[in-house]
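Peer 1: After the structure tokens below, expect a handful of questions from me.
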Amino acid sequence: MVQSLQTFSVRDIASGGWFKQHEYIEKLNMQAILNASAGQEEMIKDLLVTHGKIPTLIHELISVEIWKLKVFHVLCQLQDFQPKSTFPLYMVIHHEATIINLLETIFFHKEVCESAEDLTLDLIDYCYRKLTLLASQSSDRRTLSQNRLLPHTANEASSLEELKQQAEALEFDIALKCLSVTRYISDHIDSLPLSVMNRLLNTHNLPCLLVELLHQSPWTQSEKGQLQKYESGRWYPVPAEDQLKMTKLDGQAWIALYNLLLRPECQQKYNINSFTKGQLLKLRSFLTEVLLDQLPNLVDLQRFLSHLSVSEPTPPKKELILEQVPEVWDSIINENSGKWKAIAKYQVKQAFSPSEEDLRSQAKRWAQTYNMDVMEALVPEKPKCGSCGSEASKRCSRCQSEWYCKRECQVKHWQKHKKACDMVSEAMKNMQEEIQKEA
């Protein structure tokens with residue numbers, strides 16, 4: 001399975017071979033998460049490194065990103081495109097999330113970062129694009145991420161407009177995965193080429209972007225006076241006793257900042273001008289005793305900022321460095337420039353207008369790939385109540401997707417949950433009917 005992974009052109013996205021590889025990557029992603037959460041030997045990571053497939057995954061990640069920007073945009077504007085099912089389209093859109101999720105799981109390891117080779121720069125640029133978009137979005141992001149909808153099956157085609165909303169919802173999750181990947185790259189920056197450090201610090205000024213993300217904290221919000229935090233793909237209400245507890249995403253941002261600002265090799269290369277200095281000093285207001293108790297290493301960052309506030313940073317020495325440059329984005333754009341509409345029309349005919357028989361076959365394969373027992377095992381923590389955020393042991397009998405700690409919470413939450421429950425139940429029913437017909 002791993003040895004067969006390959007790069008596809010934008011034109012061949014959604015082809016039979018491409019969908020087969022998508023299923024492979026989904027299964028690899030699930031197995032990697034299971035191994036990591038269970039503390040088992042991470043065979044998937046080892047196989048991907050041994051067979052040199054990390055660059056392949058990064059190339060495919062950027063390829064689908066470009067497809068969404070260039071081809072999907074055209075598809076949504078085609079007046080005569082009314083697909084029987086948007087499931088194939090959704091699978092392409094979801095492919096990007098699958099790959100970044102797999103990379104997040106395995107990039108914790110130094111050998112994975114090193115095996116990305118020249119495409120580390122491409123991955124850094126990708127993460128920077130996603131994090132910049134996250135920082136620039138308005139407070140409407142919660143609505144997008146919370147109301148992610150399941151695509152309908154062949155019996156009930158959802159609109160392309162709805163699919164666009166699903167794509168936007170996925171962007172939020174993708175950006176949060178990119179935050180973790182950025183942190184892991186910063187962990188191993190001393191074993192990566194100098195061009196990686198320069199791109200993080202001076203080309204993109206990642207520390208300033210991380211400051212902005214900590215300031216905005218897009219993974220927390222308040223609704224009707226109730227603090228909520230985003231975790232494992234959902235918003236959860238936070239009990240009063242946990243409101244000062246650092247989230248995993250806060251921790252990723254702080255650790256990345258610690259690495260980029262305090263490692264000696266980074267301090268020698270980072271060009272801190274007056275603007276950057278002002279941005280970094282904003283961090284001092286966040287470094288409370290409560291935060292330092294949870295992440296004691298940040299005391300060193302506090303000292304660094306205190307020193308920075310009373311000193312003028314020395315510009316780094318100008319050295320002649322032959323740097324690598326990212327190539328994947330420009331290569332794909334240049335190869336397909338002026339062809340986006342033609343590619344979209346080709347894919348409408350060849351990939352996104354399947355016969356009833358093809359849809360049944362796809363539904364059967366997807367049902368096998370997204371096995372519910374396996375999906376539940378991917379969640380390392382116990383489920384939380386959709387109403388109050390406490391640990392939950394009961395779930396909705398209709399859709400099987402929402403959890404509650406007690407019946408009172410389920411009754412209270414029903415009006416909010418009803419629409420999603422109806423859609424999930426209907427989608428599951430339709431898929432089962434398709435599989436039964438095929439059988």
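Cβ coordinates are placed from backbone N, Cα and C, and glycine is handled just like the others.
Features from Swiss-Prot:
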- 385-421: zinc finger (ZN_FING)
- Cys385, Cys388, Cys405, Cys409: Zn(2+) 1 binding site (BINDING)
- Cys396, Cys399, His417, Cys421: Zn(2+) 2 binding site (BINDING)
Peer 1: Go ahead and report the DSSP secondary structure tallies for the zinc finger (385-421): helix first, then strand, then coil.
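Peer 2: Taking each residue of the zinc finger (385-421) in turn, the totals are 15 helix, 5 strand, 17 coil.
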Peer 1: Relative to the Cβ position of Cys405 (Zn(2+) 1 binding site), how many further Cβ atoms are located within 10 Å?
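Peer 2: Other Cβ atoms within 10 Å of Cys405 (Zn(2+) 1 binding site): 19.
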Peer 1: For the recorded Zn(2+) 1 site, enumerate neighbouring residues of the same chain (Cβ within 8 Å of the Cβ centroid of Cys385, Cys388, Cys405, Cys409, site residues themselves excluded), in sequence order.
Peer 2: Lys384, Gly386, Ser387, Gly389, Ser390, Ala392, Tyr404, Lys406, His413
Peer 1: Can you figure out which of Cys385, Cys388, Cys405 (the binding-site residues) comes closest in space to Cys421 (Zn(2+) 2 binding site), comparing Cα atoms?
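Peer 2: Sorting the binding-site residues by distance from Cys421 (Zn(2+) 2 binding site), the top entry is Cys385.
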Peer 1: Over all shown protein chains, what is the count of other CB atoms within 10 A of the CB belonging to His417 (Zn(2+) 2 binding site)?
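Peer 2: The answer is 20.
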Peer 1: Out of Cys385, Cys421, which of the binding-site residues is least crowded by other Cβ atoms within 10 Å?
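Peer 2: Output over binding-site residues Cys385, Cys421: least Cβ neighbours within 10 Å is Cys421.
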Peer 1: Rounded to the nearest angstrom, how far is the Cα of Cys396 (Zn(2+) 2 binding site) from the Cα of Cys409 (Zn(2+) 1 binding site)?
Peer 2: 11
Peer 1: Name the residues of the same chain, 6+ apart in sequence, whose Cβ is under 8 Å from the Cβ of Cys396 (Zn(2+) 2 binding site)?
Peer 2: Glu402, Trp403, Tyr404, Gln410, His417, Cys421
Peer 1: Can you count the other CB atoms that lie within 10 A of the CB of Cys388 (Zn(2+) 1 binding site)?
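Peer 2: Other Cβ atoms within 10 Å of Cys388 (Zn(2+) 1 binding site): 19.
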Peer 1: When a 10 Å sphere is centred on the Cβ of Cys409 (Zn(2+) 1 binding site), how many other Cβ atoms does it contain?
Peer 2: 19
Peer 1: Check the zinc finger (385-421) for me and report the mean pLDDT.
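Peer 2: Looking only at the zinc finger (385-421), pLDDT averages out to 79.
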